[in-house]
C-alpha cells in the first residue's frame, strides 16, 4: 500500500505550519482597516430614518433571469451589455429587505475624496483629476465606468454585469488602452448586486465588484467618499460626472479615448419626471425612489458606455459620490436628463456587503482544510 515517506510528511507539516503563520497576513485583506474599508465622509450623528430597503443575507446565484427592457421609453445602453441576460456564476445577489445593519469604527474615515494634484476645473481630465474613476472592461474593451471606494472594492451599475464574462478593472490613467506604466489592471473576483434589481425600471441598479487583490493608493489612484445617511444632495447643486462613453449617438460603439467630464445640476424627482413626461409624451413617473436626476443645459451629455460612472459633488474640499450613472434618453438632446442610482438610499446595503466580506477569511478556510486533510494523509501513510 503506497504512502508518504518521512520527507514528504515533514514537508506537509512544514507547509501547514507556514500557512498557519501566514494566515493573519493573508486574512488581513478583508479586515475593516482604516486604509482598506469603504470610506464615508464624517457626519454629525442624526436620528436614523426608517429604510424600507436595508440588506439581508447574501446567497450564491446559478442563474437569475433578467430580460431586456421592453416598452420602457428609456435608453439602457444595450450596446454595452456583453451578456445574454443572466448574471454569471461568480455573481452574488443580496436581498434587500426591511432590516438594518450597523458598521462603524475603521470603515468611517476622512481620508477619501481628495486629489493629490489639483487641476483647474472645467478642463479635460488629464493629470488624474478624478483619481477614483475606473474602467470596467471585458475582452480588453471598455464596458462601463465605476469608482474605487476602497483598496479592493469598486462601485458600478448592476445592469453592466452579465453572464459568461471575465471582467478587469483599469485604474491609474485617464487614457483607455494606455501603455503607460501608471496603468493598473486588476481582475474582478466577484460581483455583488441586489437580488431585486429590475432592468425594466432600473430600480436597484447598483453593484459592488471585488478585486482579486488590493490596489495601493497614489497620486493616480484614490478612493471617493460615500455619503452617510441621511445625506441628501440638494436641488440645484452643481456636481460632476466623468466617463469614457461615446460622445454622441453617431459614434455608436466607440468609447472616448480620453476621460471626459460633464457638469450636472441636480433636479428634484418631481421636476425631473415632469421633463421626462413632456419629452416622451407619457404620464408615467420614470424617476422613482432610489434615483436622482441630473440636468445639463449645454447639450454635452453622457452616452453609451457611461453607465456605472460616478456622480460626485464637492464640499469642504472633499469629493463625495452621490450617484451611479444608470440611464438616460437622447444623448444629443437639449436639455439632457441623466438618471443616477441614489447612493444614499443604499448606504446600509453597501456597508452590510463590506462588513460581511470583512468576516471572510479564505486563507483561514484553506488552513482549516489542510489541518483536516494532512493528518488523515499521515494516518494513511502510517
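Every residue gets a Cβ built from N, Cα and C, even glycine.
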Annotated range (Swiss-Prot: transmembrane segment) out of 341-361, 362-382: 362-382
Arithmetic mean of per-residue pLDDT over the domain 'Peptidase S1' (119-355): 86
205, 239, 307, 313 filtered to the recorded positions whose C-alpha is within 10 Å of residue 159 (active site, charge relay system): 205, 307
Chain-internal residues, separated by at least six, CB under 8 A from residue 313 (disulfide bond): 233, 237, 238, 239, 240, 266, 319, 320, 322
Greatest C-beta neighbour count within 10 angstroms, which of the disulfide-bonded residues 144, 293: 144
Alpha-carbon distance [residue 205 (active site, charge relay system); residue 160 (disulfide bond)] in Å: 9
